Structure formats: C-alpha cells, structure tokens
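Beneath this line is the structure, given in structure tokens, with notes to follow.
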Ligand code: HEM
C-alpha cells in the first residue's frame, strides 16, 4: 500500500498534528486538570486556513434541478445518419465518444427527495473533437410552457410559498389551471409515468425541435429520444411517498451501486426528422414544446447507444460543478426558432457565471477536449487555471487565426431564416392555434386506457395532490382536466370525495 498523504496547510506546509491548536499556556490552578486555558493565537495559520475555507465551502445550488446524480460513460455510433447530420463524432459506425450524464429532479432543493413527483432532467455532455455538445433534456417528451417569459413564474409556483416556506397546492394548481397549455405535461406527470423507479429506468427526450445540417448544408428539423434498455419502470404515489421518507437518496444510490457492481445502464438513441414542408402541414407549431411529433408520421430512426460505466470520483468537482447548456453545440447541430430553446441558450451560461464563476469553462469537467479551446479574447478574470492562452495575442488577427473552420456555408446563412420575419414583433403565443392544445392530452388519456388501472392511477394521483388546495382551486382543477376529456373532471371530484372521508 502506498504511503498515506501528509496533511498540510493550503501552501503545502506539513502539519504534525491535525487536531492541535496554538494557545497561550496559562495554567490556572483553580482547575483540577491543570490544562492550559489561554486564548488562541492568530499566528495559528493551520486553524485559520481550515476555518476560513470551511466558511466558503458552499456555492449557490442550481436555481432549478438542484438535486442530481451523474456518471461517466461512452457513446457509440450504430447507424449511419450522415444524410441528416455532418457531425464528426457521428461519421463512422462504431466510433466512441466520452460522455458525462447528470440526472436530476427539477423543483426540489439539493437535499430533497429523489422520488418526488417531478420531471427528471437528463443532461449529457459529449466531449467531441468539434467541441462539447450538451444535450440538456428531460424524461418527458413535452413541457409545461411554450413561452419563455412564463418560466420564472411557473417555477416559483412549484417551489415554496414566500411566507410559509411550504410547498403550496393552491399556488401549484392556480398557475397550471390558468395556463392550460401545460395540460399535456401535467397529465404525463400525474400518470404512473411521473415518478421513475430508478434513473436507469427512464427515457430522455429533447422535447424541443432542433435543426441538424448535413454536409451539403441541407437541414431537417430533429427531435431526439434516448430509450432505456432497462425498460421504463415507475413508482406509484404511495411507494414514492414511502421511499421519500425511508431513503430520500434512493435514485442516487441505485445509480451509484449499479455502476459500482458493473451493471452498466444503456440507452438507445433515436431521431425523428421533419422537413420544412412537412412542418407547415402539422396542426401544431414545431416550435411549441407542449406537443409531440406522432411516431406514426415521424418514425424513430436509430443512430447510436450510450453506456454509463464509471462513477465520479468526487461529487462536488464533477457532478456539482458540471455546467450543461443547450448553447454548447457543434456546427452541424443548431437550435430552431423555438422561443423557449432560444431563451435557454442565454439562461444556462448566465446562471453558471453566477453559480461557478466567469471561468467555469476551465473547470476540468467542463473543459473541451482541446483544453483552453481557442478564443483569444476570452481572457483573465477570476481563477484562470489553464494557462490563459500563454503569449498568443489577446485578439483575433491574421497571425493567430489564419484558418477558418470549414462548415457548410448554409449552416450560417440559414440560421433563423426558416420562418419569415414579420415587420412587426408578434408575441409567439398569438401565432398558436389554442384549440389544438387539448387534442394530444385527450389522446394521451385514451393511451392510458389501454393499460389496466392507468387512468384510475392518474385520477388518484391528481386528487391526492389537489386535496390540500382550496375548494375553488379543486373546482378549477376538475375543469382543467376536463379539457382533455370531460370524464376526468367527474372522476377527480369523486376521488376527492372518497379521500376526504378517509
Ligand atoms: C425558459 C425555459 C427554461 C429556462 C429559463 C431554464 C433554466 C434553467 C437553469 C437556470 C438551470 C440551472 C443550470 C445550472 O445551474 O447549471 C436549468 C437546469 C436544467 N434545465 Fe432548464 N430551463 C428551461 C427549460 C428547460 C427545458 C424545456 C428543459 C428540457 C427539455 C430543461 C432541462 C434542464 C435540465 C436537464 C437542467 C439540469 C442541468 C444539469 O444537470 O446541470 N430546462 N434550467
């Protein structure tokens, strides 16, 4: 066995006794044990070094998705999709790329229970030769909002009441029932799909529409799906509630233990693709992430799989400091005009500058393969650790940027031009046909009806949550779900009556 490390102060000076403090040796004979009782000395750098750093150990937790678990792995190309995308990491069957994945709940704090009824974040960083590609997804194919200005309002209602600091069923349902484009996601969330049995047994979905370019510069709209090879398994309301008390870290532990014993989870990766012409014929906007693309019209196409096979060696350095963002992309994969996606491009690096500091991209877990990747004007700032691009000029010029990276010209020309720009600025929600909002939720209710007990579970899960809200909010919740199918509202009211008698 190698020698244990020597305990030192932060300047590397060895310390003889980890637990000693320096103090003035006044011995007071009034005390029987005769131990020195003098005050501490300011020269005791070991003590001050340790306390001062301890005082600064916490950094801001993520404003959403604070509780999470992560692991390393690799992605492998299984099928050729070069007709859709010209990405170097996808250009050869069998090619492997290192990845890091973090799973999370959304609304709870860093110490909250893993089994809360909440969507799960599913973020993967691909360390590709063209830069880090982050796919920052959820385990649900749809989302609560399609207008980014609603996000902070919506999130506040799912967190704590500003006065009581308690979760608040009135706020929760007041927001949702007033913003019924959320219905599809809420039905999904309150169905038995709303609480995964483990992080290994859930899928991941881009939700948003992306634009992927091939080598000719032609593009398709794309949605991505990660399908769990472990199958999809969920907890019911009561199992999840019990686990939240018995082991709030149930999912974190399950993932760590599985990887530790070599039971590596695997996901198959698929795309759905749509042309601009096809998008014009859909009854919904492809920029509206409250909608899915029907699989019957847009079948899944397999292109790869990824495996998680290595646990982090330090939770804080790797899982806490990892910084994912939809803006971390590669030349052939561009965002669409979805306004929620476009807002996310700003929000993530912005919060990360606050959460981790201006040079967060230099932290090893975030650093691209080409360490200190070349952006000559990104210089200095607090905590430079990668050499700061040495003696190269601190601006782009003919000497240090002689070669332009070759990407199909259309990637740049087309960006944002798939929709005609209007002369006047039109709020996105004005362009949406709201009558279609309840069609997909109605179909989802029918899908639940194909499995024994799924519709009943949805009704039970909603009623168990809304029973803590005021009667008028309960009334609104029944109306809200009736938009998908009138029978749901009726059943919720009946279930509420049953629960109130318990
Ligand atoms: C306007 C809409 C949204 C805004 C403003 C927003 C903002 C944020 C912010 C500020 C964070 C914390 C990031 C960090 O501290 O590193 C975050 C995390 C996250 N968001 Fe969003 N978000 C939005 C919508 C979405 C959507 C639609 C999805 C999924 C399709 C999503 C998935 C995630 C995931 C997975 C994380 C956790 C990343 C991690 O593991 O570190 N968000 N979001």
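Cβ atoms are placed via backbone N, Cα and C, with glycine included.
For reference, TrEMBL has these:
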type	residues	note
ACT_SITE	65	active site
ACT_SITE	138	active site
BINDING	348	heme binding site
DOMAIN	8-403	domain 'Catalase core'
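On the structure: features taken from TrEMBL.
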residue : record            : CB count, 10 Å
65      : active site       : 22
138     : active site       : 24
348     : heme binding site : 21
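Following the DSSP three-state reduction, the secondary structure of residue 65 (active site) is coil. Between the CA atoms of residue 348 (heme binding site) and residue 65 (active site) there is a gap of 12 Å, rounded to the nearest whole number. Counting in whole angstrom, residue 65 (active site) lies 11 from residue 138 (active site) by their C-alpha atoms.
DSSP classifies residue 138 (active site) as strand under the three-state reduction. Mean pLDDT for the domain 'Catalase core' (8-403) in the predicted structure: 95.
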